[in-house]
């Protein structure tokens, strides 16, 4: 009998005569080998091999097939129960059983209904050794019912409201798959704003006008029956409240709108699930799906966390735009509280889902078949787990073991059946059932008691052939019950194995670790048990190894020669080798240049691709060997290379067939210099209009030496030719003779015709004139014609000289005109010109926008609405609306003057816009004006509004003074921007040890009117870190940090070498400031302490646990630039000094700007532009001085003419009709740099220098807002100068201010 193969070995050594190898019984249970001949003779209880699933959903349109297959000896018979009672298949003509099988086929296609055969089925397979049973198979036909007829009313709702479209599909079996489509069967697009829930409903976090449609259709697909059911279409109409006039709004009642929520921006609320908490139960091994869908404006973003734990990395997936969290293969460890967080810019909300993972029974140890011999012992173990703990019950041959026939050899101990001294009548099939409320497991395991004499399953006289000095394995597969013992003998006379070491494996195999020639012979395997004995002979032959006695050798050959590799093989004379050649470990190329004979590989006409590694492989049926050699291919002896160059120029040009509009040019090519000419390039010169300037005429192929050229009238032509090959272009040929063509009327009219007024009562007609080449003759003039577009007037025409502008005076203001400009010369008129439309001059608008009202969004943002002005009152092209707003006073104190006035321009016909960058807790005034191409109209009445209180900025400074043994005094300046009424200060501090570890944190509240505080009872010679921030009613502001050290004892205050009168210096870094751009930031600080220290900058993402990233500062500079940052990310930063007295500054937090699709650069704020303007101003000044000197000497210098001809473009007034607006101007931005200041190269502004940054609202200073009313114009304003720190004198304005004064 064959044992389980185990890695364990038994070693037997020489010295025992005779050497007998015994195989001891290691386990009590036998395994029956899968030997067909053996299985034919052995009796075996039934075993279920195939059955239908427990929950079997059938297609009611097809026949029902319930599978039940089993094996056994003798073959088993089959029977069925239905709903717990015997199912007599002979009495039902529609039911048949497959011969030799238990599989049932119920023929419902001819007659009958599937519903008739619903129920619970169980199959039993039985023979003389026992009975095996199948699972309970629940048969249910699939169902795909139709939708209930319902009348769906159209839904009308305001822009921005939330919406849920219910699906409520019919209950089917199995449940259907839900999806939403339109009438064209196109899936409806989904996003973070619009998505489908797990229940099939369609959720809108907020609706937009484009959501309006009449064909929201929910579809249910029943996969089992391949059918799709459709719900009635739902009509949704989204109305923008801004678009409703007063009349329509008055006629609509509140009940005609869907819900009553405001369309304005709002924080998130959950659409599903309801409430703050919910519960979810899932079974082990299933997919846990948790869902949170929120509404709000802007659209909320969903985040997921697990309380008191982390989400499993490899099993967690986010679906439906992170609204659904899925954990696959869920286990009991995944139980707990999961929190979904919905967040937008106005707030956040969370919902907690308590998850409990239950478990249907699952196997820990499933019972295994047991084969025993009489009087042996054994056990059946059935161990399962689940939640709740499953109950274990046993059956014998399908009958509960409590009522089954008694067996004295059997004892039941919970999940274990113990067998002692079994007999043949103990054979049976046992069923273990593990069940709880979530399911059950059923396993069949038979106990088969056999009394069988030994059998050897290895074929008799098997021949084993082994290469010398390699291991030899001789098989002896066996079976018997009881388990036989194994003995090995060598030779026909049973000679003992005395001289070598042998290894006996538990499956009966004999191993000879190192087979030698004298190992050849016949070996006998003997198997014995108490019922008999069996033996088998096998034969072993030892062969000589295969060797390569002549290996291929390394070769270096020239291209085009022949190379040969030799490979001689020696082998055992009884084995037949095959020799294979490989190149670079692959097959030889399929090329006739490669030939292989008995011992050689020959490669003829070698080329560069033949280089590589060639391998000879010799194979026999028992072994293989290989050897390799490298072939290197080199170039043959070089021959002189030809000289390659660009062609020589063509010559001998000739003009023939001279006509008014064409001529034929011929030439002779020059030498091609060993590279064929690919093409000829022909150029012409117009000696009459543009002498000395050559133009491209045409190109012809390199094989052509003539060309037919098209000509224009009234041109004095000369031609030249150039040749081109792969190396380049030749020099030009000599010019041909000149050829003057006859004059003719113009072929074309001027282009770029426009009509724009420069004054309210004129029309300026401009065009791009024809050049001399296009005039076609002498006397070029233009006929300019115009008339009002909407009138019946005749055309008014005038002929002007060769100019590019004509002004029509006395026109009405902003009236459309039809305009055309026609060219003519002495030969006649050009073709009839095209008619274009222009407008007479614009005038300033007459009416101010009305009904201006302001909605304060938050402490820094307000929304302004106004009514549009009548189109007739605009008197020009509507450019947009411009809002002037300024902070008139602070809510704390009134200022004596306006601090600043800002301008926002909104293009087009917009009637609302957002005011960003407002200061919290402030009083603002604004008015609105309409803008056309001429300028601004009158201002609307001033509108006043207040911004609410906000959190303060960080305190302006924090210093630690007067350090003593046990105290430190803190001095600070209040926040530069309190943004409200300060309520108190918060001071937190903690000690830092020598390894930079932080001690316990102390929290201290300080009254708002204090600017100095002394901390006492501190530890001497200890470094402390301080965190300090202010608070208003709106919350806590940004913190400022600092570090300081208490002094050591008196003996250690001054080192011995410090002279009298010197004061000890306590090094510190303070006033850490940051200026951030999109992907970079400039860091600066102030340092007090000893010289010759090396600084470093450490930074990292704020709020993360990652280690600080360090950058070394070159030299002792007090500034550094960080690059390669991520846009829109908050970073923390600190500065430290290296050395024995290492110390670090307080931390600061900054945020990089958002990533921009494109960035508009304000040229007036660029350093290179300012430098250029300064250089131009200096140059003009020098010219004026020279002019003045020469004038004093009596010389003449046409300064006026030079200035007129080369006017400085920087002092020209901007065109009134170019549609541009004034740029944002802040006086502080254009003041000369203060002494000692450091401005970043990207012109970012420090936080404390400007509170009105528009980085978050647009692309830098010139940023624009989109359709939601955000900023699309440019800032423009003036701020009164404040005295520069440390410099009382006023300084001259920069050139940029001078330029902006003309805007």
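Heads up, the Cβ atoms here are built off N, Cα and C, so glycines get one too.
Database features (TrEMBL):
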- 1-29: signal peptide (SIGNAL)
- 46-134: domain 'Ig-like' (DOMAIN)
- 141-235: domain 'Ig-like' (DOMAIN)
- 267-356: domain 'Ig-like' (DOMAIN)
- 361-448: domain 'Ig-like' (DOMAIN)
- 454-541: domain 'Ig-like' (DOMAIN)
- 545-632: domain 'Ig-like' (DOMAIN)
- 649-744: domain 'Fibronectin type-III' (DOMAIN)
- 746-843: domain 'Fibronectin type-III' (DOMAIN)
- 848-950: domain 'Fibronectin type-III' (DOMAIN)
- 954-1051: domain 'Fibronectin type-III' (DOMAIN)
- 1066-1155: domain 'Fibronectin type-III' (DOMAIN)
- 1168-1189: transmembrane segment (TRANSMEM)
- 1198-1218: compositional bias 'Basic and acidic residues' (COMPBIAS)
- 1198-1303: region 'Disordered' (REGION)
- 1240-1249: compositional bias 'Basic and acidic residues' (COMPBIAS)
- 1287-1303: compositional bias 'Polar residues' (COMPBIAS)
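Secondary structure by DSSP for the domain 'Ig-like' (545-632): 3 helix, 47 strand, 38 coil. Only pairs six or more apart in sequence are counted, and the domain 'Ig-like' (361-448) with the domain 'Ig-like' (46-134) gives three or more Cβ pairs under 8 Å, enough to call it a contact. Here the domain 'Ig-like' (141-235) is broken down by DSSP into helix, strand and coil counts: 3 helix, 38 strand, 54 coil.
Helix first, then strand, then coil: DSSP counts for the domain 'Ig-like' (361-448) stand at 3 helix, 52 strand, 33 coil.
Residue counts for the domain 'Fibronectin type-III' (649-744) under DSSP, split into helix (H, G, I), strand (E, B) and coil, are 0 helix, 52 strand, 44 coil.
When pLDDT values are averaged over the domain 'Fibronectin type-III' (746-843), the model yields 91.
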